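Note sheet for the following structure.
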Amino acid sequence: MSHPSWLPPKSTGEPLGHVPARMETTHSFGNPSISVSTQQPPKKYAPVVAPKPKYNPYKQPGGEGDLLPPPPPPLEDPGTIPPGPGHFPPPPPLDEGAFKVQQGNPGGKTLEERRSSLDAEIDSLTSILADLECSSPYKPRPPQGSASSIASPPVSTPVTGHKRMVIPQQPPLTATKKSATKPQPAPQAAPIPVTPIGTLKPQPQPVPASYTTASTSSRPTFNVQVKSAQPSPHYMAGPSSGQIYGPGPRGYNNQPVPVSGQCPPPPTCVGTDYAYIPPSGHPPESGYGYTSNQGRYYEPYYAAGPSYGGRSEGDTAYGQQVQPNTWKREAAYAPPASGNQNHPGMYPVSGPKKTYITDPVSAPCAPPLQPKGGYPGPMGPPSIPPSFRPEDELEHLTKKMLYDMENPPADDYFGRCARCGENVVGEGTGCTAMDQVFHVDCFTCIVCDVKLRGQPFYAVEKKAYCEPCYINTLEQCSVCSKPIMERILRATGKAYHPHCFTCVMCHRSLDGIPFTVDACGLIHCIEDFHKKFAPRCSVCKEPIMPAPGQEETVRIVALDRDFHVHCYRCEDCGGLLSEGDNQGCYPLDGHILCKTCNSARIRVLTAKASTDL
């Protein structure tokens, strides 16, 4: 920017009165198997008991103390039925001191009669299985007479062979059948003696038991209930009124398995306070299963080796010495260790297997446990896998409880407090802010320590401030002296609110608009600055400003006066003056004249002077 300046006249060779003009240019400013159990209508068949390989079926009577299992019901002509060939292996070596079991029915039956009864029972059960497999499991069978007698072949026709039942390999279960009778006190219950037999080597692993059947004449007939065996956790009997207990090889009271139309109560897996909740299925209908109203009957289970029924290794092996009056709780069934392992005297194992009145087989792991206080401590021993003892299970639970106490579950652990460095544990004890976890007591203002949970706060460099403390840290506007809460506009080393940064002349906001500052530090827009400080034309008296769209100011300086380009004219003729020879400025007595007008004025003045002389 240039201020107007006047130049003195020069003494040149030009004609008198010619005034040269000077033109100046000024720059402007400038974002994650249903198990179906089908019950058939009541149908009475021959009673069957659990397989008890405690006697030798080929043992001939005659020795002292050689007693046989309970005989079947008497037949009209038992001598006409010869034994079935090839159904049993050669008898093991005899051991008179192996063990003794008392006989419940000391009737004098021959071996042929018992074999005939066994053959008849096998045929009867085979026909039942064939019927059930051929018919639809969801189609009800027509009811039959409830007083049907024991199915047996005609006594006049000898039985020469048996139909072999096809038994599946998975899951291997034993055939178990229980009868119902009146429960009697333990001292009056007479165990059934069995003839001592030879000793076999204990089997280290459980194997499927053969379908050996027997019948007793002193027990009433009962219905047959068939279930499809599905893998599921152990089912153990709970204590109930009327059940009979006897001494067992374990350290706690052995509970016989109850027999009823419904599933027995589930066992405990880890202690007396938990029980397995079985999967939901079709509950047994009334009228099915056992119809005896004489109360539950608990059949004694004689000690046997681990190869029958999946007993643990701690039980007495087959052929070892046991007490005659030993009653044993029936254990849950476990699958065999090898796929096709058969015991001598068994039927071959293949295809799907079905069993009679069997508890579900044990699964490798039990479902989640739920608290249950139905069993007292000594009356409800826990059902645990064979590899765990009760002491080991208790120690395992104790260690787990201590670990859970020292290491809370992941659901209650939220992380480490960013303020104090301690763990944030428990619902309602912590909060999350600025992508960090804090204790409720630790999440406070960094200045005044007021708690900020549920309150608005301001985060500055990972530090929390309450609103008053945050406002106090803000810069103040240079115009209104108030804290700047939003966007800050900085100019000339000062902070402004965007709406406070305005021109002092027109009071228009200069946010995003070019501006300039005068010598006093006052802010002006470009237009108002030129209006206030630009030189003014000596003709029109208006400020000389840049043309629209231009950044430079063009002015003419002559006789120390400033002119707009369009205002620089001859005062007499009004002709536009320029730097040309004939268009130059020839001032006369302070007037801006062209050469012609200047000459005319000079002649007039000369003539007047001559007249005066």
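Positions of Cβ are set from backbone N, Cα and C atoms, glycine also.
Because the structure is a prediction, the values reported are computed rather than measured.
Features as listed in Swiss-Prot:
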COMPBIAS  26-40  compositional bias 'Polar residues'
COMPBIAS  41-55  compositional bias 'Low complexity'
COMPBIAS  68-94  compositional bias 'Pro residues'
COMPBIAS  174-183  compositional bias 'Low complexity'
COMPBIAS  184-194  compositional bias 'Pro residues'
COMPBIAS  210-231  compositional bias 'Polar residues'
CROSSLNK  Lys328  SUMO1 cross-link
DOMAIN    415-474  domain 'LIM zinc-binding 1'
DOMAIN    475-535  domain 'LIM zinc-binding 2'
MOD_RES   Lys109  N6-acetyllysine
MOD_RES   Ser117  phosphoserine
MOD_RES   Ser152  phosphoserine
MOD_RES   Tyr245  phosphotyrosine
MOD_RES   Arg250  omega-N-methylarginine
MOD_RES   Tyr302  phosphotyrosine
REGION    1-119  region 'Disordered'
REGION    133-259  region 'Disordered'
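There are 25 other CB atoms within 10 A of the CB of Ser117 (phosphoserine), with all protein chains counted. Taken together, the residues in the domain 'LIM zinc-binding 1' (415-474) have a mean pLDDT of 88 on the 0 to 100 scale. Helix, strand and coil counts from DSSP across the domain 'LIM zinc-binding 2' (475-535) read 8 helix, 16 strand, 37 coil.
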